[in-house]
Amino acid sequence: MSAEASEAHEAQVKMEVSADQESEIAAVQQIASVGVSADADADADADADADADADADADADADADADADLDADADADADADADADAEADVDHDDKPDAEGDVEVQTDSIAADVKAASENEPAQSANAKMDESQATPQPMAESKLDDHQQQDSQLVSPQAGSSNQPPQPHKYMTVEQRKQLFEERIRIDPRDGEAWLNLIEEAQSREDMAATRALYDRFFKVFPNQARQWLAYLDLELAHSNFAQVEAIFNQCLRTTPSVDLWKFYLSYTRRVNPLAPSTGAEEDPAREQTRRVLEGAYEFALRFIGNDKDSGSIWTDYILLIKEREARGGWKEGQKMDDLRRVYQRAVSVPLTNIETIWKDYDAYENGLNKLTAKKFLAERSPAYMTARRVLRDLKAYSDPLVKPLLPRVPVWTTSALAGDAAQDPAQWQRERQQADAWIEYLKWEESNPLLLEDVAILQARVTSAYRRATMYLRFYPEVWYLASRYLVSILRVDEAATWLKNGMEACPGSFLLHFAYAELGEARKSTSDCAAVFDGLLDHVHAQIDARQAKLQQDLKTVDLEADRTKAQAATRRANEGDGDVDVDGEERERERKAGELLQIRKQELQAAAKPEIEGLKEASALVWIKYMHFLRRTEGIRPARSVFSRARKSPHCTWQVFEASALMEYHCSKDAVVATKVFELALKTFGSDEAFVVRYLDFLISMNDDSNARALFERVIGTFAPERARPIWERWAKYEYNFGDSVAIQKLESRLAETYPDEPATKRFIARSSYMDLDLVGPRDLGIRAAMAGASAADRAVEAAKDGGAEEGPRRKTMQEMKRLAAESAQDDTSGDWARPGASSSAGGAGGPPVKKFKRDSASPAPAAFNNQAVGQQVAGPRDAWNEFPESVLVFMEMLPSAQLFDGPMFKPEDIIDCIRSANVPVGGGARRGAAGYGGAGRGRYR
């Protein structure tokens, strides 16, 4: 080691008085290692070395030596000469303690660093290395194999989103990084990246107690992750903790269908139960006992993992173990022959990747015993073998595209409200939906019994094993758990189905699908004792999300206020420093303060507007749980317990009007009490009278009871409290009633009031509303050229089409409730502000001087928007022969953004006319140098043809 480096080392040892100071020294040395400026190097050296000369940065070679003593990379040391290699074995006692320093360096890297520090020419070469190579690897980086690197983007719960969790930086101390990851886990226990970093940090310190504690916490969230179980087993086995290893096997083997994990178990079993060589004696009880233990272990493994296509090596090892069995005597030879034939016949019936090799071995084995009996046995098993070999090709087509991430992640459509816009990323949404659909198609294929198995027990074991594999990688997808429970119900294993739903609720604590399904299953099997706790737990989860989102909003508003106060204080300080502190603020300064106040209010309004859809959506989610809770109790226990739940719900600060309506309708239809129902609506009107959607529902209820006097009184009472643009749904609902059941005087009065409220609305629109009934409309499509919103020859066909598009079919491009509301709101705005025209019509009704024509919306409800047919989408993303692969992902994302065709009710254009318009448009397509006739619709237009 050079003299300069030795002096730096001695000075550093003197400065090691606390762990915090050690971390600061490490951070400074890291800065020096990546090549900061000479001034920064001098400051860092002054902090780390109190005895260094003032000109420590003048000597570049000395700096390189000092840096290499701590941070030189192992790859750069390969360029050192033979002298450096000879010094690599120098004792490490003269190096400073690594505790609190760069803790991810291995012993080999430390040895290479020591060797490199003794070779000055090599250090000069190392100084020219790229910064990314010279910087030590941070603790948080996981060393993944190729398959893990392919799926590593799926580890983070918000991977690929704009709302990434906070990441550590290289200047953080070890304790700071640990606190950061612990905080991330506290916020989101399913943050796999944070878990892996914490475990890696504990292992780097060789703290077995901390590592065990972290693994125990980790496996409560990720109980089926084979890679982490294997890492845990390797760690315990490296310390010869055999009791701990066996305890881990008891925890994970039965619930983790991983071939690698079971191979590890068999390897461990053979290690602790070594099969002694044969002594040649007639009987060797110890060896016979060991052999029985090993064969029992293989039978145990094959019972759980033998259906996996990658378990072929376990089958071949088991066959080899039986072949090596010593058998003396006729009955023992016969037993060995029967056992071997039985294992062969089981193996060739499973679609294994090495099934052809096993079949050839079986063929040779049978022919080696007796060629006459071989034909009989081979002919019996040949159909099963041919079926398995054929199914193997289909199995590969279904299973090869399946995504198997390093750790399961939470899908974007089930993330919490705190995720913000991350759950609205269409590209990520589509990608994860395709991955889930691929697994679901594979599971459906397994349920279809492609092997034509006659043994029901074997078929059921194979399907349930497939579902277990699916939950290994899609643990946080409620759909998989639900489908597994439905399959178990279909084969009359109801109790096991309930267990799957319970496990699914633990994995997906906020899943409405699983909680509702569990309550439904409990009701079906007359076991409802724990269903109330299921509803209460789901309510607590949703309410906690609402409170957290509201707290985040208040924190954001407080931060904005603090920033504004800080700006004001800085302005006051500036004026005081300029000598204007006692002088009145001039007009220009007051104007700046006024504008700053306006900007502050705008910023607050933006934050509130951004949070409102999330909070309102969560409140509606809470309302749905309350409603389903009431319905469940009414069916199982009667109306009184349901009323008790309603009493609890209306006292909640997060209750919405839907809960009141559900209770009122329940009283009306189940208790046959219209008076109580009306009182519930009136109670809700006091709180939600400003909600036009609730008013419309109340009107519907009164009209359905034929209580026209109260309905008219309600309409007159509330219509004046709404602005015209907000009152549109109420006007439309009352107009629909008057058009159908009112007299001519009432209709004329209503038309006059509508004309006063909406003076720009065309008369033709109101006439269409008066002349139509539900979805029967002839004036619009036949006389005015307005295409019908719903296609179909009859009302029945239109109803079927509406149910197909707006129903609850599965599909990756089904719109969320929030997006539906956004589309509805935009449509409502279009009713009052958009332009409405038919082909050939002028921009005003009746010619010049008339009011502008508005966009027309039908009274009948449009179906839910869907960009594609759901069934077709599910098929194209899941099957082995993908029919949509020709479309780039960006095109699919754009197509997904397009609204449904049924939402369009304006004028229809011919595609040929649009293409001709595009062809003749003067659109610049090139840069300035190439701009000309070809770029403005000249010769360049030929490329459209």
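Think of each number as a place in line: the chain as shown, counted from 1.
Backbone N, Cα and C atoms are what each Cβ position is placed from, and that goes for glycine too.
Annotated features, as they stand in Swiss-Prot:
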| type | residues | note |
| --- | --- | --- |
| REGION | 1-24 | region 'Disordered' |
| COMPBIAS | 1-13 | compositional bias 'Basic and acidic residues' |
| REGION | 36-171 | region 'Disordered' |
| COMPBIAS | 40-91 | compositional bias 'Acidic residues' |
| COMPBIAS | 120-136 | compositional bias 'Polar residues' |
| COMPBIAS | 150-164 | compositional bias 'Polar residues' |
| REPEAT | 172-204 | repeat 'HAT 1' |
| REPEAT | 206-238 | repeat 'HAT 2' |
| REPEAT | 240-271 | repeat 'HAT 3' |
| REPEAT | 289-324 | repeat 'HAT 4' |
| REPEAT | 335-368 | repeat 'HAT 5' |
| REPEAT | 416-448 | repeat 'HAT 6' |
| REPEAT | 458-490 | repeat 'HAT 7' |
| REGION | 568-590 | region 'Disordered' |
| COMPBIAS | 579-588 | compositional bias 'Acidic residues' |
| REPEAT | 602-635 | repeat 'HAT 8' |
| REPEAT | 672-704 | repeat 'HAT 9' |
| REPEAT | 706-740 | repeat 'HAT 10' |
| REGION | 801-868 | region 'Disordered' |
| COMPBIAS | 801-824 | compositional bias 'Basic and acidic residues' |
Interface check, the repeat 'HAT 7' (458-490) with the repeat 'HAT 10' (706-740), three or more C-beta pairs under 8 A: no
Averaged pLDDT score, the repeat 'HAT 9' (672-704): 96
Cβ pairs under 8 Å between the repeat 'HAT 5' (335-368) and the repeat 'HAT 8' (602-635), at least three: no
Beyond the flanks of the repeat 'HAT 3' (240-271) by 6 or more, those residues with Cβ under 8 Å of it: 219, 223-226, 229-230, 232-233, 293-294, 297-298, 301, 304-305, 308, 310-311, 313-314, 317, 465, 468-469, 472
DSSP residue counts for the repeat 'HAT 1' (172-204), split into helix, strand and coil: 27 helix, 0 strand, 6 coil
Residue counts (helix, strand, coil, in that order) that DSSP gives for the repeat 'HAT 3' (240-271): 24 helix, 0 strand, 8 coil
